[in-house]
Amino acid sequence: MPCEGCMKRDNESTEATMEFLLLGFSELSCLRVLLFLIFLIIHLVTLAGNMMIFIAVVMEHSHPPMLFFLCQLSVIELCYTLVIVPKALLGLMVMNGITISFIGCAAQMHFFVGLGGAECFLLAAMSYDRYVAICQPLYYAVVMSEGFCIRLSIACCLGGFAVALWLTVSVFRLPFCKSHRINHFFCDVPAVLHLACTQSYIPELPLLAACVLLLLFPFLLILTSYVCIAAALLRITSSLKRGKAFSTCFSHLAIALLHYGCASFMYIRPKSSYSPAQDKIVSLVYTNITPLLYPLIYSLRNKEIRGALKKMLRRKRIVELN
């Protein structure tokens, strides 16, 4: 039975004219200026950090698999923040929220889920790289060849965006109620689903399936890789070698736990437990803080990235002197 007040496909509110209202942080109107400055600074630092890693890796003559994957991760984070943060900053400049078109909301959701899914698959690919490096070091150069890494990175992006397209189409085919005020600062899946005029859990099945494909499946691959890595590290008698091997995995492990922890909290739960206030706080961490932490973690813990950054700064200094 259709609910009362649902938006029909044949009424005046068609996809071309229908708009959503992103409320953002309108309830914190007195803190708008402070939040705008904080968001802007975090956004600029995030862009600068990821851009530095990208440029440093591109300027390297050789691209080991880990550097190649880190470069792709930086590109994903750059696109990720550009999809979400500018609209959120614009929303902070308006008192009662900002409107977004039906197509614009669907596009934002598609790119957000697609980039997030590509990152999930990429983290799984990076865990496989660490597994081969530690458990099968003699075959590392053969297994993790340049061609294989390129195919793996393309597969990660295609897989993420294919699932995102299917999920976005599934969500936006639902009937929406007359109140289309999204209590969020971007078109997140749970926030949009909360507006759907349905009383059953059937509309949530595509989100559940997407969580299995984008979160559970890659996480199980990462878990399997690290179980094998842990078993291999236990067989190493030298504590120095064991510590050195573990340090190569620390950055990836920290980012994977941060990424999957936030994503699992946001998406693996029923619609009935949706809490706008909680979701906005977690989304704030997920879309602003974690992209800022990624380059910091890798630049501090990864020897290859530190070396690439030092070479880039050295080249810049030489150019300035000349």
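For all residues, glycine too, the Cβ spot is worked out from N, Cα and C.
Automated prediction, rather than curation, is the source of TrEMBL annotations.
Positions annotated as domain 'G-protein coupled receptors family 1 profile' by TrEMBL: 49-298. According to TrEMBL, the feature transmembrane segment maps to 33-59, 66-86, 98-126, 138-166, 207-234, 246-269, 281-300.
Across 98-126, 138-166, 207-234, 246-269, 281-300, the stretch most heavily in contact with the transmembrane segment (33-59), judged by Cβ pairs under 8 Å, is 281-300. Residues 39, 43, 46-47, 50-51, 53-54, 57-58, 60, 108, 111-112, 115-116, 118-119, 122, 125-126, 129, 146, 149, 153, 156, 185-186, 287-288, 291, 294-295, 298, 302, 304-305, 308 of the same chain lie 6+ residues outside the transmembrane segment (66-86) yet bring a C-beta within less than 8 angstroms of a C-beta in it. Outside the transmembrane segment (281-300), and at least 6 residues removed from its termini, the chain residues within Cβ reach (under 8 Å) are 39, 42-43, 45-46, 49-50, 52-53, 70, 73-74, 77, 80-81, 84-85, 184-186, 188, 251, 254-255, 258-259, 262-263, 265-266, 306, 309.
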